[in-house]
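What TrEMBL says about this protein:
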- SER17, PRO18, SER19, GLY20, ALA21, GLY22, LYS23, THR24: ATP binding site (BINDING)
- 10-189: domain 'Guanylate kinase-like' (DOMAIN)
Amino acid sequence: MNENAIKRRGLMLVLSSPSGAGKTTISRRLLDSEPALSMSVSATTRPPRPGEIEGRDYFFVSASAFEQMVSKGALLEHATVFKNRYGTPRAAVEQALSQGRDVMFDIDWQGTQQIAEAAREDLVSVFVLPPSVEELERRLYQRAQDSEEVVRQRMAEAAAEMSHWAEYDYVIVNNDVETSVAQVKAILAAERLKRERQIGLRRFVEELRGSGD
Ligand SMILES: Nc1nc2c(ncn2[C@@H]2O[C@H](COP(=O)(O)OP(=O)(O)O)[C@@H](O)[C@H]2O)c(=O)[nH]1
Ligand SMILES: Nc1ncnc2c1ncn2[C@@H]1O[C@H](COP(=O)(O)OP(=O)(O)O)[C@@H](O)[C@H]1O
């Protein structure tokens, strides 16, 4: 056995931020450069935005279909955000983790707390802050996918979302996208090397010691 064969348990990488701070942008870039990372696709009752694709961005479902998923226990966590319901389908996550793959989540603080209660040792959480309130508002308008009223509502919610920053393992300020992506990659690289995640380590070291003695 060489060092590449050391088995590792997958981790759950959560990115949270006020709407518009840049989670989606950062997570897309990470997926392009991290082959062992996959994205958890949430179910939501929110209507699709222009350009959003069913099954890639979200599973867009009716309120009654969402309720059925909740009652069947099919969601790992779920919450109401901006009057819409959002939840993480459980099966895809469990399958990826058991195969040693890492899963990334774009979920809010309520979902992060629920995952922390259920599986703290598998969770790595990152809070993304905007560089300023003015820049956050500029990004929400620049995305140009929400109406003025929706942007105002999201700006009004931003302070409440940001009040949860201290519950996260890591906090980054998304000023420059390249820098933010590099920072999250550094977090991922270090967390993957945590001793307790490398479940094949004991055997590997035993073999090393056995052949060395
Ligand atoms: N708890 C929870 N929150 C979610 C889930 N999916 C999305 N969210 C959060 O819901 C909020 C609104 O998401 P969305 O309508 O896509 O707008 P965005 O803020 O521009 O990404 C964001 O804070 C997301 O992180 C989920 O499955 N569970
Ligand atoms: N570091 C950055 N500098 C400038 N614009 C950014 C940066 N990160 C994201 N954006 C832009 O801000 C807008 C909101 O980003 P998005 O990733 O959709 O945020 P979120 O998923 O957190 O709601 C998008 O138009 C995106 O291109």
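Just so you know, glycine gets a Cβ as well, placed from its N, Cα and C.
Remember, TrEMBL labels are computer predictions, not curated facts.
Everything TrEMBL records as a feature, shown here on the structure.
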| residue | record | contacts (Cβ under 8 Å, 6+ apart) |
| --- | --- | --- |
| SER17 | ATP binding site | LYS23, PHE127, VAL128, LEU129, PRO130, GLU161, ASN174 |
| PRO18 | ATP binding site | PRO130, LEU136, ARG154, GLU157, ALA158, GLU161, MET162 |
| SER19 | ATP binding site | PHE82, LEU140, ARG154, GLU157, ALA158, GLU161 |
| GLY20 | ATP binding site | PRO130, LEU136, GLU137, ARG139, LEU140, ARG143, ARG154, ALA158 |
| ALA21 | ATP binding site | VAL128, LEU129, PRO130, LEU136, ARG139, ASN174 |
| GLY22 | ATP binding site | VAL128, PRO130, ARG139, ASN174, VAL177, SER180 |
| THR24 | ATP binding site | ASP106 |
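Screening the binding-site residues SER17, PRO18, SER19, ALA21, GLY22 for a C-beta under 6 A from any atom of ligand 1 leaves SER19.
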